[in-house]
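Engineer: The following feature annotations were taken from Swiss-Prot:
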- Glu563: L-isoleucyl-5'-AMP binding site (BINDING)
- Lys608: ATP binding site (BINDING)
- Cys892, Cys895, Cys912, Cys915: Zn(2+) binding site (BINDING)
- 58-68: motif ''HIGH' region' (MOTIF)
- 605-609: motif ''KMSKS' region' (MOTIF)
Amino acid sequence: MTDYSKTVNLLESPFPMRGNLAKREPAWLKSWYEQKRYQKLREIAKGRPKFILHDGPPYANGDIHIGHAVNKILKDIIIRSKTQAGFDAPYVPGWDCHGLPIEVMVEKLHGKDMPKARFRELCREYAAEQIARQKKDFIRLGVLGDWDNPYLTMDFKTEADTVRMLGEIYKSGYLYRGAKPVQFCLDCGSSLAEAEVEYKDKVSPAIDVGYPFKDTAALATAFGLAGIEGKAFAVIWTTTPWTLPASQAVSAGADVVYQLIDTPTGKLVLAKDLAEDALKRYGFSDGIAILAETTGDKLENLHMNHPFLERDIPMLNGEHVTTDAGTGLVHTAPAHGLEDYAVCNKYGIELYNPVNAEGKYIGETPRVAGMRVWEANSVILQWLEETGNLLASSKIEHSYAHCWRHKTPLIYRATGQWFVGMDKAGADGKTLRDKAIKAVDDTEFFPSWGRARLEAMIEGRPDWVVSRQRYWGTPMTFFVHKETGELHPNSAELLEKVAQRIEEKGIEAWFSLDKGELLSAEDCEHYDKLSDTMDVWFDSGSTHYSVLKQREELDWPADLYLEGSDQHRGWFQSSMLTGCASSMGRAPYKQLLTHGFVVDQNGRKMSKSIGNVVAPQEVYNEFGADILRLWAASTDYSGELAISKEILKRVTESYRRIRNTLSFLFANLSDFNPIEDAVQQADMVEIDRYALVLARRLQERVAGDFYPRYAFHFAVKEMVSFCSEDLGAFYLDILKDRLYTTKADSRARRSAQTALYHITRSLVLLIAPILCFTGEEAWDIIGGGAEDSVLFHTWHEFPTINEKAEAELVKKWTAIREAREAVTAAIEPLRADKTVGSSLQAEAEITAPEEMAGYLNALGEELRFALLVSKAEVKVGSELAVAAKASDGEKCERCWHYTRDVGAVAGHETVCKRCAENVGGEGETRHYA
């Protein structure tokens, strides 16, 4: 008796269904590194059009977190997909190495008591250690790049080029020195950039303070009155009592309507829109009378006394005054507020700053001298009560600026700093703000709402404070006049000479420089070296110059910058400003892509205290890096990205669907040689040609649309759907019979294998940018072997088909698929009540509209294969309907179809006539399915 199980083409897959990624990925990485895959790719891609994604440098401190992983994975998907699209897409990773966090860590580890040169040396060593740790994790994620030659902002050449960028901005005319209020962290002991500020709720005292008018006759005139009896006060409201010792004016809104109100305390000047609420705060309900009204422009240049100091206080008109809250009059301390500074500057009032860098009042400040500003609030309230000028006091919770490192409240404090001016006309007569806004217009944004966000930030941002009073940073290599504070007239030439020295010896070349080496004896008497360092955002914001313009394999401007959405305030902006303020005169990127932050499954931020932190190291050690990559790609990164063990398990199911599909495809290609066995498209079975159209259209959507516009979640959805719906639930389901039961080298089977070969190559190429490990594992089988890489190849080329023929083919098989779904639905009740097990136990009678019936009947005897039933009949009717019943045929031992011809061929008593022919004869012929 024949063992028919040995006559079917059931082949083992060289691609296991279990990926075992966590264990196998490290070995693949080692192999790729030994083969110098990245270097080979650069050779292969030479001469192609370039695509430059410039890496925003992560800070060299601490292990990478899940946000870092998302960022690097998204970048890697883009680099890989652009490479496969035919671009030369080098990736040079970088690190941000200077700055306060490293100083803090080095102080913790080694203390503060050491020479500054030794301190900087330890900072450099610490940064290098952190980079090595982070690099290992980034490589483990499968991120492809020039890891042996990354850029570091502490590299001597990069430090030198950062100095040169400073020179570019100096020559452009945007750099200036000024004593201006800046966000100041008392814990850092330094000014902060916009990007280093975060906002949190804070409880502050909220007080109403009366400033006594000096000349009530002048006040009466302003209100159109003949005179005023008794005391009169301009009432301000503030949440920062500690700034009152620096109060130098009161500001009124020129167009705001003010009332003069008689109260038991005296005459009060309040904004009309806020007077009612203010009087309630003061406890006045009886004995009040509105005496007159006027506008703020009439109050200009009236004078008051300071509420507790002997100081004349003028009334100014300020555009920043609103009637949103308070009293409509604003106490104005130019040392502690940008708007205050601006209005006092307009009136020629010289800035007075009573607070030093430690946040303490200087010695000449009565009562609070030597006291830190936060401690002074209660003393100042007591002082106001004593003078009788405190009208109300309460507490208020409001959003307040905090240091992003120390999480402590900031103060505005006027210090001598170097600024890049936003509204200062440069050497070309244009302001940096105008240039930057134009640069926003010239940039493409993903997602599109990034444009409005960045534009609003550029429009509202203050001048950029680029100087810092720190030790571990790129120095501002200027010589400054001892008396005037002016820069040396030959600053541009001197700066280049210093840059050349830094290029050889690093920043220590400046710190150890004797000024006599570069200046004449006379100049040495009048000029000193500037001791300030640069804002680290200037370092990273200059990398388009220090990296893109300096490395041969790169290009300027970059095609794309990709970072988290917080970088609208950070790197995107600092890069844009250095680009626009330099001789380049534009943003250093053509496109900006932003991704959201990672949260847990409940939308909460990652927090050690909550215990919801998901570390990338844990994910790749348990699931494999490809699962983490698939999660990042399948999540819509334009919003928050949710992650948890449960979410990762769901992602694993999607991965399994793709992997199982590939395993099936490879099993059925294991005896196929595309050179010897491929069937010409014209000779292929019709459904195979249809499957090729589906696969090509998938490639057109994924490679031609989703990858180019960075819509990776759509790409994943389409590829998983293709594997489960087009292949798993339709084409491969139908194909199994032909693959397993027809002769091994028959046209029917080789046609199917030809289609599978094209589908597999295309699918492997499509998944490879996302599933880089799985893609390479699969390419080892279908590509050129272990030394080959999927990245050495561009998107698959499908056999061409006439447009009209394709349209007709798709129309026909779309109708057949609709009929098949109806047949499957009709059989379901029979399966539910155990009348049949598999659909092959059923027969179907289909009623269909004329066109669909024509398509179905055109398949003839092969219709049953397309519908996965043992028998199918079709008749014409007005609408689609199916009647299904159990077959009365006998089951074929070999193909499992139920037919009435089992045993019809002598010697093959347990199989159908078709199987007997496939085993002992020339084999069946297929045309359609």
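The backbone N, Cα and C atoms fix where each Cβ goes, and this holds for glycine too.
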Engineer: What other residues of the same chain, not counting Cys892, Cys895, Cys912, Cys915, have a CB atom within 8 A of the CB centroid of the Zn(2+) site?
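Structural biologist: Going along the sequence, the neighbours appear as Thr741, Glu893, Arg894, Trp896, His897, Thr899, Val902, Val911, Lys913, Arg914, Ala916.
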Engineer: So of Cys895, Cys912, which of the binding-site residues has the fewest other Cβ atoms within 10 Å around its own Cβ?
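Structural biologist: Relative to the other binding-site residues in Cys895, Cys912, Cys895 has the fewest Cβ atoms within 10 Å.
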Engineer: Who are the chain neighbours of the motif ''HIGH' region' (58-68) in space, where the CB to CB distance is under 8 Å and they lie at least 6 residues beyond its ends?
Structural biologist: 95-97, 99, 101-102, 105, 127-128, 130-131, 133-134, 137-138, 152, 564, 597-598, 606, 613-617, 619, 643
Engineer: List the residues of the same chain that sit at least 6 positions away from Cys915 (Zn(2+) binding site) in sequence and have their Cβ under 8 Å from its Cβ, in sequence order, or write 'none'.
Structural biologist: Tyr4, Thr741, Cys892, Arg894, Cys895, His908
Engineer: With DSSP assignments reduced to helix, strand and coil, which class does Glu563 (L-isoleucyl-5'-AMP binding site) get?
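Structural biologist: Its secondary structure by DSSP: strand.
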Engineer: Using a 10 Å radius around its CB, how many other CB atoms surround Lys608 (ATP binding site)?
Structural biologist: 7
Engineer: Among the binding-site residues listed here, Glu563, Cys892, whose Cβ has the fewest other Cβ atoms inside 10 Å?
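Structural biologist: Output over binding-site residues Glu563, Cys892: least Cβ neighbours within 10 Å is Glu563.
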Engineer: About how far apart, in whole Å, are the alpha carbons (Cα) of Lys608 (ATP binding site) and Glu563 (L-isoleucyl-5'-AMP binding site)?
Structural biologist: 24
Engineer: Between the Cα atoms of Glu563 (L-isoleucyl-5'-AMP binding site) and Cys912 (Zn(2+) binding site), find the distance and write it as a whole number of Å.
Structural biologist: 63
Engineer: Counting by DSSP secondary structure, give me helix, strand and coil numbers for the motif ''HIGH' region' (58-68).
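Structural biologist: Each residue of the motif ''HIGH' region' (58-68) counted once, the result is 3 helix, 1 strand, 7 coil.
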Engineer: State the three-class DSSP label for Cys915 (Zn(2+) binding site), counting H, G and I as helix, E and B as strand, and everything else as coil.
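Structural biologist: Reduced to three states, the DSSP call for Cys915 (Zn(2+) binding site) is helix.
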Engineer: With helix taken as DSSP H, G or I, strand as E or B and everything else coil, how many residues of the motif ''KMSKS' region' (605-609) land in each class?
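Structural biologist: Final tally across the stretch: 0 helix, 1 strand, 4 coil.
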